[in-house]
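What follows is a single structure, written as C-alpha cells, with notes after it.
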Amino acid sequence: MPHIADFLERNKAVEHKPLPYIADLKAAGSPGPRTIIVSCLDPRCIPEAFFNLHAGEALVHRNAGGNVRTALRDIVTLDSLFGLDEICIVHHTDCGTTHTTDDQVRAHVKKTADPASWPDVDKLDIWAITDIEESVKGDLEWVRTTPLIRDALKKGTQGFVFDIKTGAVTKVEPKTAF
C-alpha cells in the first residue's frame, strides 16, 4: 500500500485545474453546494464515485462508519456558510466498524495511552456498528431529535446503504418521520 511520500510524488503528475474561491462563488451569485453527504471513510465507499459527483455539487464529510453525530460540527459550520438544504447519510455493507466493538477500540487505545488518560478513553463514543440499516435509522433519529440542526435541514435529511458488491444505493426509511 502506498504512503504519504508516494501520494506527494503522484501529485507532481496531476494537472490541476484551478477552482474558484468561496468569495468568488458568492460574488458570482452562486449559492454553493446545498447538500452534505456524510459517509464512511472506507476507501471502498466513495460517494464522489457512486453518485457520479462533479466538483462543487455536494460537500462530502467522511468518518469511521459515516456517523452523523461526529459530523455535527462540520454540518452546522457548512450550513452557516452555504445554507444547506439536505443531509445525505450513507453507510455501506461490510463497514470496518462492524468488525470491531467499542470495547475493543478502547482496549487498543489503552495499550499505548498514559493510564491517567484512561477515564477519557472510557468516555470515547466509538459507535461501532452491528447492523448497517439500523445504524442509518439511528443516525436519522439523532438528526430528527437534535436541537442543533435547523428544522428545515432536518426535513431534508435522508439515509441510505451503499452495497460495495453491487454498487446499489438503497434508501432507508426513518423510524419516525421528520
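Keep in mind that glycine also has a Cβ here, set from the backbone N, Cα and C atoms.
Noted in TrEMBL for the protein shown:
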| type | residues | note |
| --- | --- | --- |
| BINDING | Cys40, Asp42, His92, Cys95 | Zn(2+) binding site |
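Around Cys95 (Zn(2+) binding site), the same-chain residues six or more apart in sequence whose CB sits under 8 Å from its CB are Cys40, Asp42, Cys45, Gly65, Gly66, Ile129, Ile132, listed in sequence order. Each of Ser39, Leu41, Arg44, Cys45, Gly65, Gly66, His91, Thr93, Asp94, Gly96, Thr97, Phe162, Ile164 belongs to the same chain as Cys40, Asp42, His92, Cys95, is absent from that list, and has a C-beta within 8 angstroms of the C-beta centroid marking the Zn(2+) site. Cβ packing within 10 Å was compared across the binding-site residues Cys40, Asp42, His92, and the lowest neighbour count falls to Asp42.
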